[in-house]
């Protein structure tokens, strides 16, 4: 009995460290996932996983709109042929009468295809969704879902795909908002440090002068503290008591160090980036993206204004859907891997751009709050003087 009890106790002792290690690993893993690097990888991985999921659910499934469009096109071709045969029987037929009769049929055909386009027809003859649900198309769909852009050029047709899209959006939208919040905050702090250490030193000579004066004052104060310690340690007969006093006074000198050294860090934290600089960053990023999209979508008829319009509509999450990159991918018979890779990089441009917009909004918010506080202080000072 004693041996069995000892074996059980030893087994429990060996199990507990293993369980604790697993818990620690899980905690570290979860903490890494919600760190800045982890959130970026989590969002990208979540979008890629959603692309494969929506491909498995939608690709290869028959699309009713595509088959209806093909059937209507064949039907109207027969109608035009029958109309031509009927009109050819009339010897006195004139060109105006023929044009009028054909125009009636074409208007009817046009109305039907406009209705089919609103229901998701993209002009291709792919009735099974192999072109629209390529990896590039699925990645676009998942990205527009979690970013709430919603171009509306493609959507789920099957019941399984619609249910999966709802669940995917419920999880993905808060995840992407967390990504924007964390990455925007990190980018804002990094840009403030760059702006304070590089831009202000070049554009504002007074800032560098004030920093040099603070360093000189800090060095002088450190030298005064050291000299006071030396004079106290060499004073007369009360060596023991003075040593104890020196031991107690040294931590105070050390504690003064961070306050002195924190002047420069506080200076960086207190720096407010002007609103004009934030606007220049956003305009520059939109123009850079417009040049990129203009070159890649030149064959699709995009102008530079169209590309700039698309970048603004996308980064502001309006997403009208009148301009969508990669439309020429869907219309091709054979897919080009380079085009799909370009399309993925365009999606990364949108993800980075939305984080950059969040950074600029944070900096602009700080600047506006600072100006409001300064205006309130000036108003209070004016009323006190009266």
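Placement of Cβ uses the backbone N, Cα and C atoms for every residue, glycine included.
Bear in mind that the values here come from a model prediction, so they are computed numbers and not experimental data.
Feature list (source: TrEMBL):
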COMPBIAS  227-238  compositional bias 'Low complexity'
DOMAIN    128-188  domain 'Potassium channel'
DOMAIN    281-367  domain 'Potassium channel'
REGION    215-238  region 'Disordered'
TRANSMEM  29-54  transmembrane segment
TRANSMEM  133-151  transmembrane segment
TRANSMEM  163-181  transmembrane segment
TRANSMEM  273-294  transmembrane segment
TRANSMEM  301-321  transmembrane segment
TRANSMEM  341-364  transmembrane segment
Do the transmembrane segment (163-181) and the transmembrane segment (133-151) come together with 3 or more C-beta pairs under 8 Å, pairs six or more apart in sequence?
yes
Taking DSSP states H, G and I as helix and E and B as strand, how many residues of the domain 'Potassium channel' (281-367) are helix, strand and coil?
64 helix, 0 strand, 23 coil
Averaged over the whole of the domain 'Potassium channel' (281-367), what is the pLDDT?
84
Chain residues in Cβ proximity to the transmembrane segment (273-294) (below 8 Å; excluding those fewer than six residues from its ends, i.e. six or more beyond):
191-192, 195, 302-304, 306-308, 310-312, 315, 325, 346, 349, 353, 356-357, 360, 363-364, 366-368
Looking only at the domain 'Potassium channel' (128-188), how are its residues distributed among DSSP helix, strand and coil?
42 helix, 0 strand, 19 coil
